[in-house]
Amino acid sequence: MRILVQKFGGTSVANLECMKQVRAKVLAARERGYKVVVVLSAMSGETNRLLALADEWSSEPDPAETDALVVTGEQVSIALFSMLLKDSGIKARSFLGFQIPIVTSDTFGSARILSIDDSRLRAELETHDVLVVAGFQGCTADGRLTTLGRGGSDTSAVALAAALGSVECEIYTDVDGVYTTDPNLCSTARKLDRITYDEMLEMASMGAKVLQIRSVEFAKKYNVPVHVRSTFTDTTGTLVTQEDSSMEAVLVSGIAYDKDQARITLRSVPDRPGVAAAIFVPLSTNGVVVDMIVQNPSREGVTDMTFTVPRKDLKKTLTLMEGIREETEALEVLHDVSVAKVSAIGVGMRNHSGVAAKAFAALRKENINILMISTSEIKITCLIEEKYTELAVRVLHDAFGLSSNTEH
Ligand code: ADP
Ligand code: ASP
Ligand code: MG
């Protein structure tokens, strides 16, 4: 049995007209001889609507109940789409995460997939042409509903592709591939034919929401080729795949940005062993993911500790920092939410010097001040004032020769 997993995002299932386009893609895969496992997101805007409802009803929505609420978005999509398939004479049925089951951790709101039992799906594929699975959701071992974090349907799809041995995982969305930068932000962005797992991981971690980070981690771990493409055209998209030698020839493959950032500074912390642990251990045990960290001795015996966190974690972080300030006798806690990260990413950086200098020079030309810098083997990230994000993305995109000649 040849199985193909196809995932369609929120804009692809936004209404009946869009769902008919989705059906055409599924029928085309059937004609190519595949049994198809379709993974759907909620209709666009629906997850946000449900989360807003939770905030309206409760001052601090219970995480488990929030998940029980938001999983309903995907349930609507899979039921409606299964009806549409049946109208076309396709043998189809819908599946919620817990009916498979997709078992996850109990970290409500950002659960991790622990296991997928493929036996039920395989058995159903004997008698069905297409199975329509709700993305973004699973259940704990003791049966509570969970969600996999925003954009989590990508991860559901790649995990199912790995479990079912799908030839590749097709991710259908509203753009026709992975671009050198967000095509909705930069009109000269160019579609990439291929991108390595590692580059895609950095792009996703640095803010390119076209694929959820965990889906790329899964794809890399289980070596699943991911084909990102458009629901609304027939063009070939971008293949996310293993690296080969030709890919190293390109210095920088893409520019990502992330406005969902907050910068925190703990001023004049005593400069002694254990201070960094006193700050960052509580953040980690409270599930706050810290990204950039800079420690700057400000004067004899004291240091400033500056770091960034996602904006949604700012409140939690400030509460924790107030306690830590007292404990460490630091002077004060400062914070700033008008910041953004811009990153240049490429496996070619490994073997070339001067990439960081080129990025800094490009930003200087536009008078964009760099607030913090971090680097990895294949990435350079600068924290800048949020109001310069679009400009910074464009100048970096040009500086590394990524722009196409024609605007789209
Ligand atoms: P879906 O609802 O189909 O999952 P998303 O909105 O999650 O779609 O992801 C697609 C969006 O990702 C695009 O509309 C685009 O604005 C954004 N995006 C950001 N960076 C990139 C990039 N480098 N290449 C393509 N799309 C990108
Ligand atoms: N519906 C979920 C979200 O909006 C999951 C997804 O679309 O991938 O985040
Ligand atoms: Mg998405």
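The backbone N, Cα and C atoms fix where each Cβ goes, glycine too.
Features of the protein shown, as given by TrEMBL:
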BINDING   Lys7, Phe8, Gly9, Gly10, Thr173, Asp174, Tyr179, Lys209, Val210  ATP binding site
BINDING   Thr47, Glu74  substrate binding site
DOMAIN    264-338  domain 'ACT'
DOMAIN    344-408  domain 'ACT'
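Features recorded in TrEMBL, as mapped to the structure shown.
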residue	record	Cβ contacts under 8 Å, 6 or more apart
Lys7	ATP binding site	Val38, Val39, Leu40, Ser41, Gly135, Ser153, Asp154, Ser156, Ala157, Cys169, Glu170, Ile171, Tyr172
Gly9	ATP binding site	Ser41, Ser44, Ser153, Ile171, Tyr172, Thr173, Asp174
Thr47	substrate binding site	Gly10, Ser41, Val70, Gly73, Phe136, Arg150
Glu74	substrate binding site	Leu40, Ser41, Ala42, Leu96, Ala134, Gly135, Phe136, Gln137, Ser153
Tyr179	ATP binding site	Ala189, Arg190, Lys191, Leu192, Gly254
Val210	ATP binding site	Thr173, Val175, Val178, Met203, Ala204, Val228
Between the two most separated Cα atoms in Lys7, Phe8, Gly9, Gly10, Thr173, Asp174, Tyr179, Lys209, Val210, the residues recorded as binding ATP, what distance in Å do you get?
19
Around Thr173 (ATP binding site), how many other C-beta atoms are within 10 angstroms of its C-beta?
24
Just checking: which of the binding-site residues Gly9, Thr47, Tyr179 have a C-beta under 6 Å from ligand 3?
Gly9
Per DSSP, what is the helix/strand/coil residue tally across the domain 'ACT' (344-408)?
30 helix, 14 strand, 21 coil
Need the DSSP three-state call for Thr47 (substrate binding site) to compare against my parser.
helix
Select, from Lys7, Tyr179, Val210, each of the binding-site residues with a Cβ positioned under 6 A from at least one atom of ligand 2; if none does, say none.
none
Average the per-residue pLDDT over the domain 'ACT' (344-408) and send me the rounded value.
91
Near ligand 1, meaning Cβ under 6 Å from any of its atoms: which of the binding-site residues Lys7, Thr47, Glu74 fit that description?
none
